[in-house]
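**Student:** One structure coming up, written as structure tokens, with questions to follow.
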Amino acid sequence: MRITKGVLLSYLVTIFIFAVSLLDGGSIVKAGVISVIGYIMFQVAFIVCKGNFKYALFYLLAFNIPLQLYIWLPQTSLYSVETADTFSLIFLDIIVLLIFTYSIATKKMIKVPKYLLFLSCSLLLVYLYATIISINKVASIYADIRLFKAIVLCFSLINIYEDKAFDFFIKGLKASVFFQMLIGMLQFIKGDVLGLSFLGEGVLRSANGYEKGLSGTVGHPGDFSLFLLFCLVMFLFNSKRNSLYIILCILGLILGQSRTALVIMLVVFILYWFSSKGKRITYKSISVLFLTMLSTPFVVDLFGIIMVRFFNSDLSVQEENRRFHYELALKLFSLKEHFAFGPNASLTATSIYFPYEFQRGVFYYVHPIHNAFLVYFIETGIIGGGLYILLNCVCLGNAALVFREKPSINRSRIISFGIWILVISAYSMTGWAGIKDKFFYLLWISIAFSVANYKKNKKRGEDVAPEHTTI
């Protein structure tokens with residue numbers, strides 16, 4: 001598709017965004033601002049991708065993962081997954097629609113592995129049945145729609161995948177990291193938010209009066225750190241000349257002040273060392289990285305931030321919160337009348353069975369259980385939770401199957417998504433980020449890329465040296 005057609009498509013999408021933004025009494029000013037942002041993003045993508053429509057879609061998909069750019073924003077709650085009786089459309093949904101349309105227009109039929117089709121359809125059926133018996137059917141319908149969109153995105157990406165397109169996905173992540181860190185550093189310098197709530201910017205965390213973490217436009221420092229962990233894994237395993245972006249990720253992870261993310265970051269480097277057999281990180285590279293990390297504390301006091309987060313913070317309080325949430329999850333699981341409360345209905349269950357604590361705004365009861373796996377088991381039962389785990393195992397299984405094979409580009413990418421699933425699974429054991437829209441989509445994106453690369457790796461037995469990062 002030539003650039004002229006890309007410009008035409010940008011205009012059409014802009015008009016669509018403007019029209020949808022006016023729904024529910026949306027203001028013309030807001031609709032105009034969001035439309036202009038959407039148009040600029042499309043134009044930049046077409047320029048970077050030299051007018052190639054498919055590559056532009058992969059680029060935009062990566063760039064929009066951390067954005068919460070709402071096209072239609074009714075009265076939503078603090079957490080997008082808790083919209084309950086309201087619905088919203090994020091800009092990423094437009095990209096999903098375009099990817100699906102492109103897939104249908106360029107391929108005669110969508111072909112996916114039978115096991116993935118079985119797992120996806122089974123989970124969707126469990127969601128639909130759980131919605132019928134849900135204690136909050138409207139909230140569950142929202143989750144059903146989200147799951148359907150994610151499955152459509154996954155199948156479409158598998159259908160149109162090619163290695164060159166994935167390179168532009170990585171470029172989109174680079175642009176996103178640069179943009180997020182720019183916003184984040186401005187937040188750090190100002191010591192407050194910048195007023196970009198329409199992009200998804202949330203409040204800076206203040207746990208006990210002096211701890212604050214960057215959030216970019218991701219809405220929460222923990223989510224910001226988790227997104228940077230995804231980017232760090234992708235940059236380490238999937239392309240070269242990423243030193244600047246790796247350092248930006250490390251800097252952002254420290255300033256995000258997520259203890260879990262900092263520990264996982266160290267584990268990621270260890271896994272990278274073992275998976276690359278230690279051949280890609282030299283003593284010189286380690287020295288440069290060490291000196292970089294050693295010098296930055298003198299600029300922004302990063303070392304002091306790390307010490308405070310681990311040894312002089314609310315760590316004990318957070319540990320107590322997690323422990324209580326695990327106990328609450330077991331109570332809710334035993335109280336349910338059916339096999340599940342329904343997708344996206346766990347907080348509704350808390351408000352029903354613990355009304356006094358919920359109305360008083362007690363933290364444990366008004367926030368989702370800080371374990372994404374337990375949330376899925378409560379909302380969709382043992383079957384739904386089990387299917388969710390099996391879907392995570394798709395990336396892990398593919399990575400295990402190719403781990404001992406000869407180095408290749410596809411092998412490196414498959415392993416990277418396996419490691420990412422380990423990362424988000426570990427993170428989900430102490431938080432609920434895994435059930436939020438951006439990371440829910442990211443799970444299915446990871447499955448798509450893992451499956452697509454595994455098919456290519458199996459088909460041609462590629463024997464090309466991997467493009468590992470040289471730090």
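Yeah, the Cβs are placed from backbone N, Cα and C, and that goes for glycine too.
According to TrEMBL, the protein has these features:
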type: TRANSMEM; residues: 7-23; note: transmembrane segment
type: TRANSMEM; residues: 29-49; note: transmembrane segment
type: TRANSMEM; residues: 56-74; note: transmembrane segment
type: TRANSMEM; residues: 86-104; note: transmembrane segment
type: TRANSMEM; residues: 116-135; note: transmembrane segment
type: TRANSMEM; residues: 141-161; note: transmembrane segment
type: TRANSMEM; residues: 168-189; note: transmembrane segment
type: TRANSMEM; residues: 244-274; note: transmembrane segment
type: DOMAIN; residues: 245-389; note: domain 'O-antigen ligase-related'
type: TRANSMEM; residues: 286-311; note: transmembrane segment
type: TRANSMEM; residues: 374-402; note: transmembrane segment
type: TRANSMEM; residues: 414-433; note: transmembrane segment
type: TRANSMEM; residues: 439-454; note: transmembrane segment
**Student:** Could you tell me whether the transmembrane segment (168-189) and the transmembrane segment (29-49) have 3+ CB pairs under 8 A, leaving out pairs under 6 positions apart?
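**Tutor:** They do touch: at least three Cβ pairs between the two stretches lie under 8 Å.
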**Student:** Counting only residues 6 or more past its boundaries, what in the same chain has a CB within less than 8 Å of a CB in the transmembrane segment (439-454)?
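**Tutor:** Cβ under 8 Å, 6 or more out: 61, 65, 81, 92, 96, 112-113, 116, 146, 150-151, 153-155, 157-158, 161, 166, 169, 223, 226, 230, 391-392, 394-395, 398-399, 401-402, 410, 413-414, 417-418, 420-421, 424, 433.
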**Student:** State the non-local partners of the transmembrane segment (168-189) in its own chain: residues 6+ outside its ends, Cβ under 8 Å from one of its Cβ atoms.
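**Tutor:** For the transmembrane segment (168-189), the nonlocal Cβ contacts are 45, 48-49, 55-56, 58-63, 65-66, 196, 201, 204, 214-218, 224, 227-228, 230-231, 234-235, 238-239, 242, 245, 248-249, 251-252, 255-256, 300, 449.
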**Student:** Limited to the domain 'O-antigen ligase-related' (245-389), I'd like the whole-number average of pLDDT.
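**Tutor:** A mean pLDDT of 74 is what the predicted model shows over the domain 'O-antigen ligase-related' (245-389).
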**Student:** Do we see three or more Cβ pairs under 8 Å linking the transmembrane segment (116-135) and the transmembrane segment (414-433), pairs being at least 6 apart in sequence?
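**Tutor:** The answer is no, given that the two segments have fewer than 3 Cβ pairs within the 8 Å cut-off.
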